[in-house]
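Straight from Swiss-Prot, the features:
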ACT_SITE  25  active site, schiff-base intermediate with substrate
MOD_RES   25  pyruvic acid (Ser)
BINDING   57, 73, 74, 75  substrate binding site
ACT_SITE  58  active site, proton donor
């Protein structure tokens, strides 16, 4: 059986721009993408802390070290410059791989939109795994 688990999270990044007439997607600083283990065109979920909007799109690389986070296409209507968002990506993980599965958590400095801290954590501890396998 497969379980859907959080794979990557970019926590509290500020929107730095919007381009309504771009094809679509979210443009994200390439350094932040790499830290979060996100690849170009990967599906992401976006949660806008300021207005409560939640939507799906895909991520494309922006200029490295720029701190950019740009909503493109229809998504540009769902957030404004300066809004704080959370970006999440999920993965289907086989139960036999749960013990080695790692989540990438990237925390953003709210003043500069650069990486404040990155953590790789085990998604599940042994007690949870024991309950899952019973």
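Here the Cβ of each residue, glycine as well, is placed from N, Cα and C on the backbone.
Features per Swiss-Prot, on structure.
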residue : record                                               : CB count, 10 Å
25      : active site, schiff-base intermediate with substrate : 19
57      : substrate binding site                               : 19
58      : active site, proton donor                            : 16
73      : substrate binding site                               : 16
74      : substrate binding site                               : 12
75      : substrate binding site                               : 23
Report, in whole Å, the straight Cα-to-Cα distance of the residue listed as 'active site, schiff-base intermediate with substrate' from residue 73 (substrate binding site).
7
Whose Cβ lies within 8 Å of the mean position of the Cβ atoms of 57, 73, 74, 75, the substrate site, other than those residues?
24, 25, 26, 55, 71, 72, 76, 77, 78
Can you tell me the three-state DSSP label for residue 74 (substrate binding site)?
helix
Give me the Cα-Cα distance between residue 25 (active site, schiff-base intermediate with substrate) and residue 75 (substrate binding site), rounded to a whole Å.
7
DSSP three-state assignment for the residue listed as 'active site, proton donor':
strand
Which value in Å gives the longest Cα to Cα span across the substrate site residues 57, 73, 74, 75 as recorded?
10
